[in-house]
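Annotation source TrEMBL lists Zn(2+) binding site at Cys81, Cys84, Cys121, Cys124. Taken from TrEMBL, the feature Fe cation binding site applies to His113.
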Amino acid sequence: MQTRNTLQKDIILKAVNQLHNHPTAEMVYEEVIREYPRISKATVYRNLNQMAQQGQILRIQIPNSADRYDFNISGHYHLKCTDCGQVFDMDVPYMDRLNELDLSEQGFTIEDHNIIFQGKCPRCNKKGSN
């Protein structure tokens, strides 16, 4: 059973990596069943959740939208395009300052943060200007 579980996780992890578009669980499932049609949707969803909890992938929780998954687990922010719905990695110049934010004088201990910008991607901006 352990070998099968590892194989399933490897297959799902490979799909998240290959998609490169911050896929939803449904998108990962659709990718996986192309090569492994017998894998269940529940298995894909369960393994995505386990891998996110274990830090193997990043779960991106987007308000009013399905969670997305990211193979890139290094610290970074995201932008969701309000036109096409795609999610993009964002490099933000002041990110290091936010990561070092100290609110201990106000009694807070920051354990984690996650910022999702919303706006238009370059492709949708270009479409809108034509």
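Cβ coordinates are placed from backbone N, Cα and C, and glycine is handled just like the others.
Quick caveat, the model's predicted, so the values are computed rather than measured.
Distribution of TrEMBL features across the structure.
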residue : record                 : contacts (Cβ under 8 Å, 6+ apart)
Cys81   : Zn(2+) binding site    : Val87, Phe88, Gly119, Lys120, Cys121, Cys124
Cys84   : Zn(2+) binding site    : Cys121, Arg123, Cys124
His113  : Fe cation binding site : Leu98
Where Cys124 (Zn(2+) binding site) falls in three-state DSSP terms: helix
Neighbours of Cys81, Cys84, Cys121, Cys124 excl. site residues, C-beta within 8 Å of centre, Zn(2+): Thr82, Asp83, Gly85, Gln86, Lys120, Pro122, Arg123, Asn125
Around the Cβ of Cys121 (Zn(2+) binding site), the count of other Cβ atoms that are within 10 Å: 18
